[in-house]
């Protein structure tokens, strides 16, 4: 029996309050309105940014259905939708691409002005949500809300992908992989023969390493205080791994000594102010490029001596690896299917959706790279 045009009752993980576990609830998901798409989720990754909402280091309205790194199948579409149809495999996009705003029209930049990242509303574009639970409206999360068996997104926040793609793997392209990989190949524009340093070896940091290797870097130095992550980093392309705790001097000085004055490209993939500074200073003063990839804490400022930049260093940042989402996500899935990069090594755990709190425990304990929840 078709569910198009009807309210769907399903399971979702609702975060009612900060610092609390997710609650598996029976929710109602309303049909998509004009220019909206309802998706039956198949798989979703668990990302550190979701946990930032739990801890309130990232502000977003609650109660909410979180999750933003998923893949699924279109169940129904609202009036006027032309880019996808029921049955299509899709990836929801936490960075939408309206195609009309100043940023979407820019040849390089990607953070569409209709995003829900800068000042989160926790709604779809029309200012409302399609989720209700116990008679109460439940907020969306950054245009996606993948921690639900069904979700509704704006058409500008969904991309059709290869119908043969394995959704339990390519869901990582919805956030973590693309963010890291793009930071290397698109934002920094790593060059063949160059030297790179990557601070932080979670799923995004390892994806930076994959990108540096794909771009032809000659040396990729992985930096983390957890030595258990070194083997995986080397498997994916790191040529050396170092632990800052093994040295009595600042890690930027160690890297400068290792690389004749500093690396060509450095990446901070943790979200700490001190490592952002270390990453900046570890790249060469005259030609280095440092990229902020990790999400920093809310309402904190970074103080840097301007002389650190005056001699020629560049300091950059980008969301979603600088990729224009609707244009790039289908191409990235095609590249994965063509074996141009791996995703499997990033997935350390696959759990049923109902075990979402166990997945977050693994994340917080540093025991997982990416956990994929399946519906």
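Cβ atoms are placed via backbone N, Cα and C, with glycine included.
Per Swiss-Prot, the NAD(+) site holds 200, 201, 202, 203, 204, 205, 224, 229, 293, 294, 295; the candidate it also names there, chosen from 56, 102, 121, 370, is 370. Residues 47, 68 are given by Swiss-Prot as Zn(2+) 1 binders; from 133, 171, 175, that same site also lists 175. A separation of roughly 13 Å, to the nearest angstrom, links the Cα atoms of residue 200 (NAD(+) binding site) and residue 234 (N6-succinyllysine). The CA atom of residue 68 (Zn(2+) 1 binding site) is located 24 Å away from the CA atom of residue 340 (N6-succinyllysine).
Considering only the recorded positions 2, 98, 101, 112, 234, residue 204 (NAD(+) binding site) has 234 as its nearest partner by CA-CA distance. Burial estimate for the recorded positions (68, 234, 340): highest at 68, by number of other CB atoms within 10 Å.
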